[in-house]
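**Student:** Please see the structure below; I have some questions.
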């Protein structure tokens with residue numbers, strides 16, 4: 001192992017050794033050694049695992065002359081156990097959020113700044129490092145669906161605190177489709193595959209979903225979020241997390257606070273383009289889960305700032321919306337975000353099923369200092385989550401290694417399916433003569449509900465502020481950038497075009513017309529709806545911070561973990577390529593060499609570099625959709641070869657069409673100009689290459705230069721910032737911006753076939 005690798009391993013070992021959950025899991029982790037003997041579940045060594053015990057007929061009495069298979073014997077316990085265990089490997093998948101992946105990490109607050117809101121040590125004690133497990137997921141599809149479908153993403157966090165487990169069971173969107181939990185079965189039935197044909201899988205583009213949301217206007221705000229770029233995130237690492245519901249924080253003294261929980265990604269909030277997402281669904285349906293493990297294993301640990309919004313209980317009714325309505329946000333202008341800690345994921349799972357598949361979350365799992373509100377969606381979730389975990393995993397699901405707390409656990413619960421704990425006691429009740437299992441008073445850490453005064457009339461109803469459904473949908477739409485609005489129009493148009501029932505796609509235009517007149521008209525034209533002639537409701541024109549993804553660009557531009565494809569063929573300029581690659585990898589980008597074959601690729605004549613360069617993939621095995629940017633080195637022979645390869649031509653055109661950063665040098669610029677043919681009035685490739693200068697030109701996210709020599713590399717100290725002079729620095733900055741959407745807005749992408 002290299003010295004760098006040893007250093008990373010040492011840091012990793014030191015970091016994880018302090019994690020109490022990692023230590024706890026060691027009790028159940030088996031690390032097979034070389035030549036590990038094979039045994040049955042009851043410990044008997046197995047001599048033959050390939051042949052069922054059976055009667056073997058022969059033509060003689062000699063056992064060595066067996067020729068004919070007879071019947072298999074039911075007495076073969078080894079065979080029966082192997083088959084029985086296989087038959088029962090599957091447990092019921094989650095009704096929603098079935099498709100997911102997870103990782104271990106830790107959480108730490110910066111200081112005690114939250115102590116004025118809560119006495120919960122997990123949020124106030126900066127000397128603590130709390131182990132966590134996070135599971136990301138899609139909502140609609142089954143376990144076998146794809147990662148990059150348009151959908152809400154689950155963002156569930158289990159904090160293994162010293163006071164017990166605390167679960168934030170959230171999403172990547174801060175609001176939800178419904179206000180009251182009693183509507184949840186209706187919503188899920190509507191969004192899931194239709195009952196008569198079990199279609200479609202992994203998407204909401206069908207009659208039943210749009211019929212439901214069209215008749216349930218409280219969902220209008222959530223539909224705006226899901227149809228925006230938020231519905232197709234670039235990575236789990238590049239999306240926000242929200243607790244969605246309103247919880248409460250209880251201080252050591254005084255009035256309690258209502259609270260919303262937020263996770264803000266260090267890398268910014270970024271998304272795929274829709275065409276890109278569709279293609280990745282087929283090219284690499286595990287794209288998001290592989291991306292997460294790739295980042296963690298390379299040391300580019302995903303990080304999120306943890307923030308809270310708080311409202312004093314006495315101020316609950318001072319807003320023009322109900323703060324307990326899960327279809328509404330708390331605008332940051334009214335309720336500022338306060339960053340109080342950081343969440344880091346630094347360890348992949350050892351085995352998917354017992355950790356990621358068996359992890360179970362409950363909104364009702366809180367610790368002293370944190371409580372619930374009367375949010376009607378939360379109230380139902382508190383009942384539902386505990387119930388569904390019993391259905392999937394049995395009543396003793398909290399004894400499973402991934403779910404059990406790291407603090408001591410004792411109670412008088414007994415028996416039930418899959419009970420693991422053995423309690424040596426004569427009593428299993430309270431009070432008892434042994435004084436075992438005594439309740440803990442509040443002053444010693446016992447959980448006590450906040451004493452809230454209540455009075456009212458028992459009835460099935462919602463408060464008057466719950467009746468308004470469009471103001472926050474307008475707020476979200478108004479806050480989007482121009483390209484985000486264009487994407488939202490296209491997304492709704494795509495979805496409604498998959499609805500065959502005219503009543504469905506025409507009626508939703510009426511909902512959109514209550515949000516924005518121009519939005520409704522644009523979608524109506526796309527889907528053959530009735531184009532409205534006046535607004536159903538005047539757009540209030542208000543905007544809010546933190547709703548556009550542009551609001552979350554990192555303060556310091558970064559290309560950490562960005563995937564860059566370097567297209568090469570025989571005769572490429574290897575000296576130049578290595579210099580550019582070294583500059584990019586120094587900023588922790590991940591570069592892949594893509595060539596005509598997954599083998600050695602010969603550099604241009606005269607470059608004696610020792611062993612030939614080895615391509616990581618060939619052009620047909622990967623696609624541009626799986627990378628954030630592409631770079632084409634110089635080299636006359638190499639470029640001629642690329643130009644003759646239709647797959648490479650498509651690579652470049654597709655990357656341009658998806659608004660990705662593209663870089664080229666020397667002959668690579670000529671190839672790029674020929675492939676991405678644009679009107680003469682638009683010249684993206686204007687360096688003085690004929691004179692062989694190293695002038696760098698950047699236009700619409702395309703970075704070109706005539707040459708990149710050793711002297712260029714010396715002066716090109718990587719500085720990821722706008723208006724830098726170096727080739728690699730300019731390219732890195734364009735990558736850090738995620739996409740150049742100006743190409744799209746000015747119609748350039750429409751002129752390139754991809």
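Yeah, the Cβs are placed from backbone N, Cα and C, and that goes for glycine too.
Annotations in TrEMBL come from automatic prediction, not curation.
What TrEMBL records for this protein is below:
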type     : residues : note
ACT_SITE : 97       : active site
ACT_SITE : 171      : active site
BINDING  : 385      : heme binding site
DOMAIN   : 39-438   : domain 'Catalase core'
**Student:** Which whole-number mean pLDDT does the model give the domain 'Catalase core' (39-438)?
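**Tutor:** 96, rounded to a whole number.
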**Student:** Identify, in sequence order, the residues in the chain of residue 171 (active site) that are 6 or more apart from it along the sequence and have a CB within less than 8 Å of its CB; answer 'none' if there are none.
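**Tutor:** Non-local contacts for residue 171 (active site): 152, 153, 154, 155, 241, 242, 244.
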**Student:** Inside 10 Å of the Cβ of residue 97 (active site), count up the other Cβ atoms and send me the figure.
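**Tutor:** If we count other Cβ atoms within 10 Å of residue 97 (active site), we arrive at 22.
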**Student:** Given residue 97 (active site) and residue 385 (heme binding site), what distance in Å do their CA atoms have, once rounded to a whole number?
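**Tutor:** So the Cα of residue 385 (heme binding site) lies 12 Å away from that of residue 97 (active site).
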**Student:** Give me the non-local Cβ neighbours of the residue listed as 'heme binding site': same chain, 6+ apart in sequence, Cβ-Cβ under 8 Å, ordered along the sequence.
**Tutor:** 169, 361, 362, 363, 364
